[in-house]
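Taken verbatim from TrEMBL:
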type	residues	note
BINDING	Asn89, His94, Glu99	oxalate binding site
BINDING	His92, His94, Glu99, His142	Mn(2+) binding site
DOMAIN	46-196	domain 'Cupin type-1'
SIGNAL	1-20	signal peptide
Amino acid sequence: MACHILLFALLALASSRVMASDPSQLQDFCVADLKSPADDFFFSGHDMPGNTSNQLGSKVTQVNVNQIAGLNTLGISLARIDYAPYGLNPPHTHPRATEILTVLEGTLYVGFVTTNTNNGNLLFTKMFKKGDVFVFPEGLIHFQFNYGPTPAVAVAALSSQNPGVITIANAVFGSNPLISDAVLAKAFQVGKDTIKYLQAQFWVDNN
């Protein structure tokens with residue numbers, strides 16, 4: 001009996017060590033072209049401001065595996081976010097990544113909302129300025145808003161080669177085909193006319 005207990009304890013310890021660290025790479029990198037050029041590990045242009053002349057007043061310039069093939073299997077990517085005065089990077093989620101954001105210029109109001117709890121969906125917010133860093137946990141709804149009268153710039157690192165993005169308003173009111181207005185009216189506890197009005201809007205994609 002004592003032997004069984006010891007074996008169980010050792011297995012539990014080994015499992016906890018496995019769960020506590022990232023899997024090791026089996027090779028240096030994984031690019032389909034075996035004669036891959038150096039450009040597969042390079043991206044140019046992150047110093048250039050994104051075009052913020054849209055309804056949201058923001059632009060996200062992504063650098064993920066779609067831009068740098070060498071990121072494949074490496075579990076990391078980057079994004080530059082430009083904000084016009086009073087520009088917004090609207091509530092959205094990254095289903096496959098945690099995000100860490102730092103402000104290069106300006107002042108931002110940022111926040112994220114937790115999953116459902118006994119105390120409701122908790123909101124964590126912060127006003128932060130040049131040099132400050134904020135973390136958005138994987139999969140949680142989050143946003144950034146430029147409160148200032150001058151442009152702002154931030155850079156985000158994400159823990160996935162392809163983090164994905166779901167912009168909440170676009171997904172709910174601008175899906176293709178549209179979600180039934182009866183479903184959304186019931187969910188948001190408003191009239192169908194309100195839902196139809198929202199579905200008729202042009203939902204900007206700032207990515």
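Glycine too: its Cβ is placed from the backbone N, Cα and C atoms.
Note: TrEMBL annotation is automatic and uncurated.
Fair warning: this is a prediction, and the values are worked out from it, not measured in the lab.
Taking the centroid of the Cβ atoms of Asn89, His94, Glu99 as the oxalate site, the other same-chain residues with Cβ within 8 Å of it are Ala79, His92, Thr93, Ala97, Leu101, Phe136, His142, Ala156, Leu158, Pro163, Val165. Here the CA atom of Glu99 (oxalate binding site) lies 10 Å from the CA atom of His142 (Mn(2+) binding site). In this structure, the CA atom of Glu99 (oxalate binding site) is 12 Å away from the CA atom of His92 (Mn(2+) binding site). Taking the centre of the Cβ atoms of His92, His94, Glu99, His142 as the Mn(2+) site, the nearby residues of that chain (Cβ within 8 Å, site residues left out) are Thr93, Ala97, Phe112, Phe136, Leu140, Ile141, Pro163, Val165. Cβ contacts within 10 Å of His92 (Mn(2+) binding site), excluding its own Cβ and spanning all protein chains shown: 21. In this view, His94 (oxalate binding site) is surrounded by 24 other Cβ atoms within 10 Å of its Cβ, with every protein chain counted. Other Cβ atoms within 10 Å of the Cβ of Glu99 (oxalate binding site), summed over all protein chains shown, number 22. Note on His142 (Mn(2+) binding site): other Cβ atoms within 10 Å of its Cβ, all shown chains, come to 23. Neighbour density for Asn89 (oxalate binding site): within 10 A of its CB lie 27 other CB atoms from the protein chains shown. Mean pLDDT of the predicted structure over the domain 'Cupin type-1' (46-196): 96.
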